[in-house]
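Enquirer: Take a look at this one; I'll ask things after.
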Amino acid sequence: MSAPRSDATPQLCKFSCVCPFCSPLALQYSEDFQSWTVAMPILSERMKDGVRKHKYACIDTSPLSNYVMHPFWNCLVGYFPRWIAPNTLTVLGFCLTVLDFLILTYYDPDFKSCQDIPQIIWLLSALLLFTAHTLDGIDGKQARRLGQSSPLGELMDHCCDAWTAAFYPSALFSIFSGQMDSSTLFTCQWIISGGFLISHWEKSLTGVLYLPWTYDFGQLALVLLFVITFFTSPSIWFNRIPYLSMTLPELTPYIAHGVFWPFSITISVVNVIIACANGTARIPSPEDVIRPLAGNFFVFVASWIWMEYSPTQIMDRSPRFFLLCATTVAANITCRVILAEVTKTKAPMWSNLIGVYSLVVFTVCFGLPVSAAAKIELPCLFALTFFVTIAQILFGKALEYFASRAHQPSILITPSGIVPPSR
């Protein structure tokens, strides 16, 4: 899967004049990442050396994953032809998630029209999401089956997962259409994206990816909700849960907070402390702790400002595109954090894409008269969403080029006593 190394000077990206990753105006706090953003294919020798030394280690202690999903995937992967590349499975799974998002957007663009969605679509969504989850589970197994584990596989897999976190919440919001206000949608979307980032923040400090239990539980629960909705109707979620006097949509934000703060945040911090105490990881500096989180935090703040100070209440007018735009930018930053892990370099605290997003936000909210801003806000959102989506796709192509230049396959480490996951 890896192309032979070449010492020839790589060509600049043909989009270097406009691409937010290639612009000569890119501002980075890391010399390694400056070479990455000034011209996509250019890699510093330090980055290449980091990949050659890269060792992939992760721990999955989820009972559902180890005793149900992995046996299922181990059985299923044997039926896949050996000519199917692992990265094909990764990308196909991601595309199925995007397809589900597009179908639901067509019928329910603003999370207010779930009754207009044909009943068969709920079953189709369940099948698409379950298939996507299955493909994400077996891509790594296919790679090891073929002896093709590589940095490209790890980067593609985790970066697709980072972007998938921007699409999955919308599927849940479609089921609960009209029953969750804009602030709740915003909070739940960012909790899911933040939970994925925290896992890689933890890995950047410990060198080990601790897969959260919520990964399999959350995705299978979403599939189950779609199946229930297919056999009943979306109105079933208007019923109050016995003894709680709450509907499931009303309970959802409490579940999200109850999982995120005591489990995602607290457990990750505890794992870092234990790794440092055991000597398996060095004690991080304040900069090491802040760097992987800074970019996403800034995008979160900018998004909250846009939601609160929007001249046309943009979160109510187009919640799907508002949330997709913001979390696609966040996914791009998370991908850069993952790239920093693989290359053993510092994660960037800023990127041009954050700058573009922030410029639009502050121009619409504070830089124009209210009447003028109101006229252009929705078109600006659509244009910005299109722009950041194309930018993220270009970034993915750059990762593919990067992995082929790096040449050295990654090494899978089996943590003692733990069955290695496929992701």
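From the backbone N, Cα and C atoms, a Cβ is placed for every residue, glycine too.
The model shown is predicted, which means the values in this text are computed figures rather than measured ones.
Got these off TrEMBL a minute ago, pasting:
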- 89-107: transmembrane segment (TRANSMEM)
- 119-138: transmembrane segment (TRANSMEM)
- 220-238: transmembrane segment (TRANSMEM)
- 258-277: transmembrane segment (TRANSMEM)
- 289-307: transmembrane segment (TRANSMEM)
- 319-339: transmembrane segment (TRANSMEM)
- 351-370: transmembrane segment (TRANSMEM)
- 376-395: transmembrane segment (TRANSMEM)
Enquirer: Would you kindly list the residues that approach the transmembrane segment (319-339) from elsewhere in its chain, counting only those six or more residues past its ends and only Cβ-Cβ distances under 8 Å?
Expert: 33, 36, 101, 105, 109-111, 155, 158-159, 162-163, 165-167, 169-170, 173, 182, 185-186, 189-190, 193, 196-197, 200-201, 204, 292, 295-296, 299-300, 302-303, 306-307, 347-348, 351, 353-354, 357, 381-382, 384-385, 388-389, 391-392, 395, 399, 402
Enquirer: Taking 89-107, 119-138, 258-277, 289-307, 351-370 as candidates, which has the most Cβ pairs under 8 Å with the transmembrane segment (220-238)?
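Expert: So the stretch in question is 119-138.
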Enquirer: Output the single range from 89-107, 119-138, 258-277, 289-307 maximising the number of Cβ pairs under 8 Å to the transmembrane segment (351-370).
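Expert: Top-ranked stretch among 89-107, 119-138, 258-277, 289-307: 289-307.
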Enquirer: Should anything in the same chain at least six residues away from the transmembrane segment (119-138) have a Cβ under 8 Å from its Cβ atoms, list it; otherwise answer none.
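Expert: Those are 69-70, 73, 76-77, 80, 89-90, 92-94, 96-97, 99-100, 103-104, 107, 157, 160-161, 164, 168, 171, 174-175, 216, 219-220, 222-223, 226-227, 229-230, 233, 422-423, in sequence order.
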Enquirer: May I ask for the residues of the chain that lie six or more residues beyond the transmembrane segment (289-307) and have a Cβ under 8 Å from a Cβ within it?
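Expert: Same-chain contacts beyond the flanks: 29, 182-183, 186, 190, 193-194, 197, 200-201, 204-205, 314-315, 322, 326, 329-330, 333-334, 336-337, 340, 346-351, 354, 357-358, 361-362, 364-365.
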